[in-house]
Ligand code: ADP
């Protein structure tokens, strides 16, 4: 069974092609700078990298080039030979409680939800339409970042604002990175040999974007991101939690519209805003050079994570595991060490050697006698999407 996973952004399409019989990756790559003169298509397969520099005017042209490149390199005769195409969709609002096979109604709802994710959903729709055009015989499946968090209770997802604003404008917490939180929690439960329906965990997806989720009996009961991916932890370029009054205040003193403030909070804040880089590796380098702002940025970043861990411990009661995943969570052993050493009173006893071991496998980082296990679980959102596509297609 061959499944293609597409992650369509406003100017790019990331792709990964799987042979689901053994979950191997047949090819992967990106069509980037779509709509720009510098656009190119990069295809990776069997240890090779093929790059095509050419003007790609839109997603439709990008998907066509992908089809050609897969054919020219003997990977696939045509996209029409696929068993399914999975699309990563950022916002499913409260309309989708699971992944779905895409039809006209699904397309309409994704479009309807676009105001909640203006940078993402319209681009995903371009990706979907292009895939349907290029491979009309292949079923398309939508897999939403929000779905895993649809199990949050209303008192966790509601904001304490006039109820009408929720009723009329859908203002509530939705949460994101759901595909990753679900995948790593399921992998962790399997690894620990605990029935997922009885598994309690706190999962930390810490990449450039970062979020933390409280998982009770295998289900999300709270998560740090909100109506958009801006709320919660301090991130690479996003502020995370901030007093909303700061926004109106800044709009006034800077004499700019709220859109500008939104850009500042999304693209110019977080690690970048405090010390000038959004890459944790750079922050580390700057800390070794005694850069005070890098030290401050790192302390703020870690402090926010610890506060959230504490609050999720409180709401969960029993925690079986703390899960670290994504770019920073999987690779930065110093951050894991610093966090775990600050929460020994909660029963997390880190094993320094295990924690420092470099590996791409799921692994313990706590001592054998640690009351709460901490694990590194490499995330694989594309594989999780491909698995959902496979399951839905087999059910059809
Ligand atoms: P995204 O949110 O874009 O999917 P990723 O999960 O790929 O992000 O994480 C990317 C981030 O991971 C980089 O910006 C970098 O800060 C961080 N990162 C990657 N490798 C390391 C490392 N060895 N040490 C510390 N941070 C790392």
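Just so you know, glycine gets a Cβ as well, placed from its N, Cα and C.
Quick look at what TrEMBL lists:
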BINDING   7, 381  Mg(2+) binding site
BINDING   14, 205, 206, 207, 208, 209, 279, 280, 281, 327, 328, 329, 330, 331  ATP binding site
BINDING   88  substrate binding site
ACT_SITE  145  active site, proton donor/acceptor
SITE      177  site 'Transition state stabilizer'
SITE      238  site 'Transition state stabilizer'
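Distribution of TrEMBL features across the structure.
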residue	record	Cβ within 10 Å
7	Mg(2+) binding site	22
14	ATP binding site	18
88	substrate binding site	22
145	active site, proton donor/acceptor	25
206	ATP binding site	27
208	ATP binding site	17
279	ATP binding site	14
281	ATP binding site	12
330	ATP binding site	21
381	Mg(2+) binding site	23
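Inclusion criterion for the recorded positions 7, 88, 177, 238, 381: a C-alpha placed within 10 angstroms of the C-alpha of residue 208 (ATP binding site); this criterion is met by 238.
Under DSSP, residue 328 (ATP binding site) is assigned to a helix (H, G or I) in the three-state scheme. For residue 7 (Mg(2+) binding site), the recorded positions whose C-alpha atoms fall inside a 10 Å radius of its own C-alpha are 88, out of 88, 177, 328, 330. Residues from the recorded positions list (7, 88, 145, 328, 330) with a C-beta closer than 6 Å to any atom of ligand 1: 328. Residue annotation for ATP gives 14, 205, 206, 207, 208, 209, 279, 280, 281, 327, 328, 329, 330, 331. The furthest Cα pair among them is separated by 24 Å. Comparing C-alpha positions, residue 281 (ATP binding site) sits nearest to 238 among the recorded positions 88, 145, 177, 238, 381.
Within 10 Å (C-alpha to C-alpha) of residue 88 (substrate binding site) lies none of the recorded positions 206, 238, 330. Listed recorded sites: 177, 238; maximum Cβ neighbour count within 10 Å falls on 177.
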